[in-house]
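J.: Below are the features listed in TrEMBL for this protein:
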type     : residues : note
COMPBIAS : 1-12     : compositional bias 'Polar residues'
REGION   : 1-49     : region 'Disordered'
COMPBIAS : 19-32    : compositional bias 'Basic and acidic residues'
TRANSMEM : 61-78    : transmembrane segment
DOMAIN   : 65-480   : domain 'Major facilitator superfamily (MFS) profile'
TRANSMEM : 102-124  : transmembrane segment
TRANSMEM : 131-150  : transmembrane segment
TRANSMEM : 156-179  : transmembrane segment
TRANSMEM : 191-212  : transmembrane segment
TRANSMEM : 224-246  : transmembrane segment
TRANSMEM : 294-315  : transmembrane segment
TRANSMEM : 327-351  : transmembrane segment
TRANSMEM : 358-375  : transmembrane segment
TRANSMEM : 387-409  : transmembrane segment
TRANSMEM : 421-442  : transmembrane segment
TRANSMEM : 454-475  : transmembrane segment
Amino acid sequence: MSSEIPSKSTTDGGPVPRTENDSLDRKLKNESEPSSGSGSGSESEEVESGTVDKKALLRKLDWRLLPAVGILYLLSFLDRSNVGNARIEGLADDLNMTGNQYLTGLTLYFIGYVLFEIPCNIILKRTTPRFWLPTLTIAWGIVATLMGIVQNLTGFFIARFFLGVTESGLFPGVVYYFSMWYQRRERQFRISLFFGFAALAGSFGGILAYGIGKMAGVVWENGWRWIFILEGIATVLVAFAAYWFIYNYPETAEFLSDKERKFILHRLASDSDATRDERFTWDNVAKALLDPKCWLYGLSFHTMSLPLYTFSLFLPTIIKDLGYEAAYAQLLTIPPYALAFVTTLAVAIVSERTGQRALPLIGSALFAMIGYIILLTNSDPTNRPGVSYVGTFFAAGGIYPATALALSWPAINVSGQTKRAVANAMQISIGNLGAVLGTQLYRANDGPRYFVGHSFALGYLVGEVVISLLLYFLLKRENKRREAITPEVKEVGELEDWSGDDDPRWRFQH
């Protein structure tokens, strides 16, 4: 039996069998339960007059958790997308790429990513965040660094595949990690802020590629190798430090006082299943695989991943083909990403305050569609580069907030720890199949208009609107059906008979 029970961790990150921590869990949970047995009642009178400032505690959690995992995701997105910067610095020429061989390398990354996403989240569930997230980061940092010394096309293909394998566990792992710290209504904004680091990676990538590109002639004729080597080494160094600044779960986080720990556990018990002592079982994995809603969450990201990754991987090439030199093209990628970061946060705030998920997502997708319509209708982009460049702002400003909202859906709607971990990984895996297709669309001889690629991106955004509307009405109808059966119960962490989101007492956010 004990082999099926996941480990928790001590404050120093070492695994301890959950059976040894059961008495502590029960003690903390019992101490944090409201005497009435229901509701939060001003967070149950600050957990029976423990006097904890909720807003101050949330700020404390945000400062401790978000920058740590955000930096790892910034490095992850930087290391996967800097190949676009390297391409215009001589990568394709030095490796003697012909035709669409560069696109094949991009596709192999997502094949590795898709194949290993669910296994990585299962490993996270069986180990700890402090061990697993930095270990993954070290692994992909090494692969990213080695990409700078590949000598032929085969080496490039192998490196891209294993970069996808090693990066596959970070994003779904962090989404699951947030669900063990924050209440349902608080997760969406944190996930959007976390995803906003991807936009920052685009801006930093342009700045770094511009500077590192000046190293052309140092050891190698072109500077693209230094982009991979220096950024990869930086990732490895940060990853080693992450063993000390990534925390596990509230029960063992050393930066919390006993009062704060009890308060967090009470809040989670009053809102979600995060405090439940759930064993890992394959039956819970099957619950996610057999739930149609989990597949729809995956399709929602699928229709966003194609425009997301084609934009991030090909933006330097798209801008360069408008007639700009490589160095200036690197710099011109920065402003659209800066706008994307701002819109991601702005839309997340609107969604958080209104309690709406689908409608802000649809609005963001429509905003991005304007960008692709501009790009497609500009029949002479080399003579009117400014028009197409404006289109990239609309595309970026809509793609990133829509993607962030799509990715937050299973984190707030799936109940059951293992089911949620698998659902998050399913969503990214299904979603990244769109990226696999997208990597084959921006072919070498299609520039500067890239009619096929832009058309697919526009079509996928239309698909996102359709999927979001479908989810909106499906979840709304299901909530009404459940309301006719039984009242909503939010304190699922305190229920002994809780089976997950298929319980009619659960309500979905739409």
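Cβ atoms here come from the backbone N, Cα and C positions, even for glycine.
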J.: Are the transmembrane segment (294-315) and the transmembrane segment (156-179) close enough that 3 or more Cβ pairs fall under 8 Å, when only pairs 6 or more apart in sequence count?
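T.: The answer is no, given that the two segments have fewer than 3 Cβ pairs within the 8 Å cut-off.
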J.: Other than its close neighbours in sequence, what residues sit by the transmembrane segment (131-150), given a CB gap under 8 Å and a spacing of at least six beyond its ends?
T.: 9, 13, 15, 69, 72, 75-76, 79, 83, 95, 120, 123-124, 156, 159-160, 162-163, 166-167, 169-170, 173-174, 177, 224-229, 231-236, 238-240, 242-243, 246
J.: So, taking each listed stretch (61-78, 327-351, 421-442) in turn and counting its Cβ pairs to the transmembrane segment (294-315) that are under 8 angstroms, which one gives the highest count?
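T.: That would be 421-442.
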J.: Excluding the flanking five residues on each side, which residues at least 6 beyond the ends of the transmembrane segment (102-124) place their CB within less than 8 Å of a CB in that stretch?
T.: 80, 83, 87, 91-92, 132-133, 136, 153, 156-157, 160-165, 167-169, 172-173, 176-177, 280, 285, 309, 313, 421-422, 424-426, 428-429, 432-433, 435-436, 439-440, 442-444
J.: Please give the sequence-distant neighbours of the transmembrane segment (191-212): residues at least 6 beyond its ends with Cβ less than 8 Å from one of its Cβ atoms.
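T.: Distal contacts: 66, 69-71, 73-78, 81-82, 85-86, 89, 174-175, 178, 223, 226-227, 230-231, 312, 315-316, 327, 330-334, 336-338, 340-341, 344-345, 347-348, 351, 396, 400-401, 403-405, 407-408, 411.
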